[in-house]
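Notes follow once the structure below has been shown.
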Amino acid sequence: MMAGSKRSAMAEGVDAGASARLFRRACGVLRRLCRGLLGLYPFALVIAAWFAMTEWGGARPMFLPSPMAVVRQFLALLSSQDVVQPVLLSLYRAFLGLLLAVAAGIALGVGMARIRWVRHVLDPLVAVAFPAPKIAFMPIFILWFGIDSLSKVLLVAFTCIFPMIIAAYEGAISVPPVMLWSAQAMGTTPRRVLWRIVLPAAVPAIFSGIRVTVPVALITAYTAEMVAGGGGLGAVLMYAQRFFETPTVFVCIVLMLLSGVVLDRLLVALRGRFIPWQDEHDG
């Protein structure tokens with residue numbers, strides 16, 4: 001009799017624990033859903049205001065097409081493949097330039113933090129070049145590398161490398177000196193100190209630097225295409241504006257905005273996956 005009562009109590013305890021876990025999981029899903037819906041309200045407000053201006057505000061379609069006209073134009077461009085190739089070309093230029101900037105920026109930033117003469121050489125250069133408007137160098141890049149993708153990729157890399165250098169440097173110098181002294185006291189080689197202590201400690205700052213430079217890379221690529229042509233979404237936008245194809249202009253603007261938002265959300269998700277302690281701290 002007592003054994004049966006114990007088994008019944010244990011079963012009830014297991015059921016209660018499972019119910020509690022299920023409840024916590026459901027609450028977590030509900031919180032994420034509410035957070036996602038709250039993040040959408042600015043877009044809903046913009047679309048509502050846009051719709052009101054075109055339907056009741058007397059806006060001329062040449063200057064402000066309706067949301068439905070933009071959607072129809074997007075579907076037409078999508079079916080004719082007139083927008084897919086430019087989007088892919090722009091993203092290719094932005095990603096390749098960003099990849100070069102991230103690789104070189106991490107190497108130079110960590111080098112500045114670890115090697116004194118590298119810091120003395122690069123610090124004045126970074127101080128001068130970081131605040132400079134990089135798009136002003138576009139004519140020089142076109143003159144040297146032509147109007148095709150190479151000039152735009154290198155301009156993106158040139159624009160993004162300085163924020164990455166600063167982010168990697170700040171992350172590398174944030175390592176507590178006690179950790180470095182302890183590793184050196186135990187006979188750890190400088191290479192192992194770099195790979196096992198310095199770089200892991202710099203990862204949060206590097207992720208933050210990448211998150212800052214992703215929109216910079218997109219802005220630079222789109223602006224370079226608008227100024228110099230050579231294909232891409234920016235060139236399509238300028239061509240449509242020149243011939244008063246306003247719905248196409250708005251399609252390009254929306255695609256540019258969406259590319260930045262989607263990539264930023266992807267980086268936030270990756271940060272939560274690989275460095276969850278920073279995600280919890282920010283949340």
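Placement of Cβ uses the backbone N, Cα and C atoms for every residue, glycine included.
Unlike curated records, TrEMBL annotations are generated automatically.
So that you can see what the record holds, here are the features copied from TrEMBL:
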DOMAIN    87-267  domain 'ABC transmembrane type-1'
TRANSMEM  33-53  transmembrane segment
TRANSMEM  91-113  transmembrane segment
TRANSMEM  125-147  transmembrane segment
TRANSMEM  153-172  transmembrane segment
TRANSMEM  193-210  transmembrane segment
TRANSMEM  216-237  transmembrane segment
TRANSMEM  249-268  transmembrane segment
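Among residues of the same chain six or more beyond the transmembrane segment (249-268), those with a C-beta under 8 A of the stretch's C-beta atoms are 65, 70, 73-74, 77, 83, 87, 90-91, 207, 210-211, 214-215, 218, 222, 233-234, 236-237, 240-241, 279. Taking residue pairs at least 6 apart in sequence, the transmembrane segment (125-147) and the transmembrane segment (193-210) share fewer than three C-beta contacts under 8 angstroms. Tertiary neighbourhood of the transmembrane segment (125-147): same-chain residues 154-155, 158-159, 162-163, 165-166, 220, 223-224, 227-230, selected by CB-CB distance under 8 Å and a gap of 6+ residues from either end.
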